[in-house]
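Have a look at the structure below, then the notes.
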Amino acid sequence: MKKGLAILGSTGSIGKQTLEVVSVFPSSLTVVALAAKDEVELIVEQIKKFSPKIVAVATEEVKQKVEQKLGATKVQLFVGREGLTKVATELSARMVVVAIPGSLALSATIEAVRAKKDIALATKEVLVAAGEIFMREIKTAGVKIFPIDSEHSAIAQCLKGEDPKTIKKIVITASGGPFFKTPVEKFATLTAKEALNHPIWKMGPKITIDSATLMNKGFEVIEAHHLFGLDYSKIEVIIHPQSTIHSFVEFVDGSIKAQLGAPDMRIPIQYALLEDSRFANHWNQLSFAKLAKLEFLQPDRLKFPCLEYAYEAGKKGGTLPAVLNAANEEAVKLFLRGQINFAELPQKIKAAMERHQNKENPTLEDILEADKITRQKPTTLIP
Ligand code: MG
């Protein structure tokens, strides 16, 4: 039987690649619900090609534009938060692909889990801001979670058939981003355009900036902590500019497993959608003949303090990781608009973390509140 998919964020980078994977495996996968923001042309194209039952868009205005372009159709259109919930809990969906940014993803993903959907998770905010709550909900609902991130997919693949108790440590690889070799004195003059020029991966602007600051890697550390139930002392980060090895797992007996592959997100997406089964495809392949060398370097945590802030927020827990996430998102927006420079970006995050009164064992409401307050007061972002 075909597996019904609901995709939250179908017009984003991960959403589009998810649909590419679906097109290649039509006998295994089918799209039953889509949620997207406001890219009318693309939404209409996706509806025509994949015939979902329901689609959610951001606003009534977008809905009307989609209806006009679409003409007569059986698809049901919904808007806003309510629409997102409908897509996340659509009856005929067995798996929900979560690839929308921000706190919107948080509530929608919890709703999907409570509706007993398996989750293919691309949105980092979910585990970063509410990891404990989310993993508890997953356990209670008895559903499965499949990471859509090359690093976590790599770790999950290395851990297949292994006893988690035998893990000595995991090592998450980072490309280092575009400024890895740039002298720190130049950080104050770096622009968004330079930061958006990622050497290896093609991604959306937010995650590309997060890669440049290493915050993306910090988020991945927090995600790995929750996904694999590992203490932070067992999670390391190493710079690997070629992005060929997606992560390592070292075991107590000294054996190390690594997962390698071309830097092509369709590979981990396929692995998640098809639940760890392997099928042939035509995505980019890794050529050992073309690999000149593999380098590994320690990350400079003074130069890239965001990585340090993520470890700190993760270890302290409570509402602090939600503040880290919200402050980062707001600071990235300021940077993309040219209102702050690259050196100021981590300072804004640190200031927000320092001002926050951390709350232990938070509820989802506490987390959403901490997120809201951090975003509402841009002044708290100014040191
Ligand atoms: Mg990644």
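Going from the start of the chain as shown, residues are counted 1 onward.
Placement of Cβ uses the backbone N, Cα and C atoms for every residue, glycine included.
Curation does not apply to TrEMBL; its annotations are automatic.
Sequence-distant neighbours of E125 (NADPH binding site) (same chain, six or more apart, CB under 8 Å from its CB) are P101, G102, S103, A105, L106, N325, listed in sequence order. The feature NADPH binding site is assigned by TrEMBL to T11, G12, S13, I14, E125, G204.
Annotated 1-deoxy-D-xylulose 5-phosphate binding site per TrEMBL: K124, S150, E151, S175, H198, S211, N216, K217, E220, in sequence order. Its own atom aside, the Cβ of N216 (1-deoxy-D-xylulose 5-phosphate binding site) has 26 Cβ atoms within 10 angstroms in the protein chains shown.
Taken from TrEMBL, the feature Mn(2+) binding site covers D149, E151, E220. The 10 Å shell around the Cβ of D149 (Mn(2+) binding site) contains 28 further Cβ atoms across the protein chains shown. Classification of D149 (Mn(2+) binding site) by DSSP places it in coil, neither helical nor stranded.
Residues or ranges marked as domain '1-deoxy-D-xylulose 5-phosphate reductoisomerase N-terminal' in TrEMBL: 5-131. Across the domain '1-deoxy-D-xylulose 5-phosphate reductoisomerase N-terminal' (5-131), DSSP classifies residues as 63 helix, 27 strand, 37 coil.
As annotated by TrEMBL, domain '1-deoxy-D-xylulose 5-phosphate reductoisomerase C-terminal' applies to 145-228.
Residues or ranges marked as domain 'DXP reductoisomerase C-terminal' in TrEMBL: 260-376.
The highest number of surrounding Cβ atoms within 10 Å, among the binding-site residues G12, G204, is found at G12. Within 10 Å of the C-beta of S13 (NADPH binding site) there are 18 other C-beta atoms, taking all protein chains into account. G204 (NADPH binding site) falls outside any helix or strand according to DSSP and counts as coil.
Residues from the binding-site residues list (T11, G12, S13, I14, K124, G204) with a C-beta closer than 6 Å to any atom of ligand 1: none.
Here the CA atom of K124 (1-deoxy-D-xylulose 5-phosphate binding site) lies 9 Å from the CA atom of D149 (Mn(2+) binding site).
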